[in-house]
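Asker: For reference, Swiss-Prot lists these features for the protein:
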- CYS169, HIS172, CYS192, HIS197: Zn(2+) binding site (BINDING)
- 211-286: coiled coil (COILED)
- 389-405: compositional bias 'Polar residues' (COMPBIAS)
- 434-446: compositional bias 'Basic residues' (COMPBIAS)
- THR402: phosphothreonine (MOD_RES)
- THR419: phosphothreonine (MOD_RES)
- SER452: phosphoserine (MOD_RES)
- 374-462: region 'Disordered' (REGION)
- 21-60: zinc finger (ZN_FING)
- 164-205: zinc finger (ZN_FING)
Amino acid sequence: MVSQGSSPSLLEALSSDFLACKICLEQLRVPKTLPCLHTYCQDCLAQLAEGSRLRCPECRESVPVPPAGVAAFKTNFFVNGLLDLVKARAGGDLRAGKPACALCPLMGGASAGGPATARCLDCADDLCQACADGHRCTRQTHSHRVVDLVGYRAGWYDEEARERQAAQCPQHPGEALRFLCQPCSQLLCRECRLDPHLDHPCLPLAEAVRARRPGLEELLAGVDNNLAELEATRLAEKEALARLREQAAKVVTQVEEASERVLRALLAQKQEVLGQLRAHVEAAEEGARERLGELEGQEQVAREAAAFARRVLSLGREAEILSLEGAIAQRLRQLQGCPWVPGPAPCQLPQLELYPGLLDKNCHLLRLSFEEQLPQKDSGKDGARSQGGDATQPQSRDGVQTPNQEDGAKTPKESRAQTPQEDGGTQARVGSRSNKKRKFKGRLKSVSREPSPAPGPNLEGSGLLPRPIFFCSFPTRMPGDKRAPRITGLCPFGSREILVADEQNRALKRFSLNGDYRGAVPVPEGCSPCSVAALQDTVAFSAAARLYLINHNGEVQWRRALSLCQASHAVAAMPSGDRVAVSVSGHVEVYNMEGSLATRFIPGGKANRGLRALVFLTTSPQGHFVGSDWQQNSLVVCDGLGQVVGEYRGPGLHGCQPGSVSVDKKGYIFLTLREVNKVVILDPKGSLLGDFLTAYHGLEKPRVTTMVDGRYLVVSLSNGTIHVFRVRPLDS
């Protein structure tokens, strides 16, 4: 692209699409120029003309059509000259039909003329060698420039040919345009000069150009200035759009983090209230059990004494009754005087008090404001802004400055997301009216009236670890299910989709990450899928003691029998997607797409034969195998040859058996600890880094996990619910 200050070259004009019509995409024919300076073929413009108006196909400017039609639009002699040069260069082929001399037929020679070897740039004629040698021997042609025809066709003399080229008069063929009629602003040849323009003042073309060039150059300079301003404005508009997108991304992050922290606080309050309720009910049940035991004992004693007295009175003889009268009367008086409280003991019934503001549709925990930012044009102001801080920081309408991530009073995490329990007044800045802000403050303070004593999650090293962002949650039970789902396997299934192995309902269900049900992959009759992995257009799963490979229509490609020494067999797809690994009684077997055994190894080598039991298995993008070893009660990481890269069996497992494992795109390992409702994170070599998910995140008996697209951790719970968390990396 030619810059504003530089002049375009002739080569660029001839080689670019400048000479092509933007309508028919062919070389211009009878070029006509519109007032907007766009040039098209005359026939193409005639097809676009609608009545008295015509709209330019490029700039969409509407121009009036002259009464005489599109033929009356100004002829573009500049384009005509370039087209003549291009046609002259392209005329004839030196290898096929050689061009003939243009002078030989005029001098009475052969009718066709000899083969041309040269060209006169002034006459625009091809010449044979003889005519070329004598062409400059006359007074009229002495100054003509005769050049080699091959070099002319190659473009070596384009500049000279252009300088010596003369525009031809459209009214008088063969006559060059030589004059400019000043009153009519029309180009004239000698014949035109002698007819209607004889009395008009005319100037030679060179003199007319010298007179009019300064005015055009001045106008061009003004347009160049406008172009510079337009370019600066365009760049400023792009920068403003980039700032808008950047700020929008920040707001999205703030909304996600604020929502996450509010959800955490709400879940903590949920656990706290449920704990209090559980403790109250257990204490009440314990007291009730003690009272019921005492009452049942007293009731049994009284019932037995009363039954004995009734038998004596109804069946005994007079002497027998009188002999037992004293003992019976004493016992009955004793039972009547036994202390007991009629009616049930006082019981405190629990009642839930829900803050009414949360159900109010006008209660906005998140509120968005838009601040207009004036453009900065003064470079001095820009410099002051760069030295004195970020002056483009948005302010609210009442002049209060929005907190920045660089403020020293808060960490970046705290400055981006404020929960009601931390700072009830922080949210007040988003309102535009003071009474609304005070009302909103009061709502948030009411919510945070009593801080929750429930312990939060273990965030040891959280500033250095990937962080979870809650994405969505959905159930997996479908209307056709006969039993409650029991999810035993998960795997990614294409982009943003998961495949769920429901062993209880003997189904492989497809869900999007948003929880939309996408149907099911049919499984063979009687199969209950346990572990599942997706390969290239196929699905591998284990059921009982068999490994199956099926296509998406449920057709079995092959099946392999596995060892019966293991209750379940974990299945994992290799990163290449063309092999599947399965854990079989302490070792790992890898099968290719044809069902042939590609390799088999024991983690740690043959010395560990019989010492391993991999219940869960996955692979990393780096090609490593990661498994949960229930016999060693450890998490083991090994390479493709079975060499152990790392193994963890430390206190971070809390004495639990390691559960399901998943690996993100950077190699971080996510290990499920079902007994303590946790998912911990380990580095690619198996060293524990800290907790990733806890009951604080809503985990309740997590069963299996998988990683989708390397950044979404999908966790299934024992009740058939699936939670999806987005893994925020360190460099986010």
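Think of each number as a place in line: the chain as shown, counted from 1.
Just so you know, glycine gets a Cβ as well, placed from its N, Cα and C.
Keep in mind it's a predicted model, so treat the numbers as computed, not measured.
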Asker: Please report, as numbers and ranges, the same-chain residues at least 6 past the borders of the zinc finger (164-205) whose CB is under 8 Å from any CB of it.
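Answerer: Residues packing against the zinc finger (164-205) from afar: 75, 77, 80-81, 84-85, 121-122, 124, 145, 211.
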Asker: Can you name the residues of this chain that are 6 or more positions from HIS172 (Zn(2+) binding site) yet have a C-beta less than 8 Å from its C-beta?
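Answerer: Counting only residues 6 or more apart in sequence, the Cβ neighbours of HIS172 (Zn(2+) binding site) under 8 Å are CYS189, GLU191, CYS192.
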Asker: Residues of the same chain, at least six outside the zinc finger (21-60), with any C-beta under 8 angstroms of its C-beta?
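Answerer: Long-range Cβ neighbours of the zinc finger (21-60): 69-71, 73-76, 79-80, 83, 86.
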Asker: From the centroid of the CB atoms of CYS169, HIS172, CYS192, HIS197, the recorded Zn(2+) site, which same-chain residues not already listed sit within 8 A by their CB, in sequence order?
Answerer: GLN171, GLU175, LEU177, LEU188, CYS189, ARG190, GLU191, ARG193, ASP195
Asker: If you count other CB atoms within 10 A of each CB, which of CYS169, CYS192 wins among these binding-site residues?
Answerer: CYS192
Asker: Any same-chain residues 6+ apart from HIS197 (Zn(2+) binding site) with CB under 8 Å of its CB? Would you list them in sequence order, or say none?
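Answerer: Expected: CYS181, CYS184, GLN186, LEU188.
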Asker: Can you break down the zinc finger (21-60) into helix, strand and coil residue counts using DSSP?
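Answerer: Going by DSSP assignments, the zinc finger (21-60) contains 7 helix, 11 strand, 22 coil.
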Asker: Per DSSP, what is the residue count of the zinc finger (164-205) in each of helix, strand and coil?
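Answerer: Residue counts for the zinc finger (164-205) by secondary structure: 7 helix, 11 strand, 24 coil.
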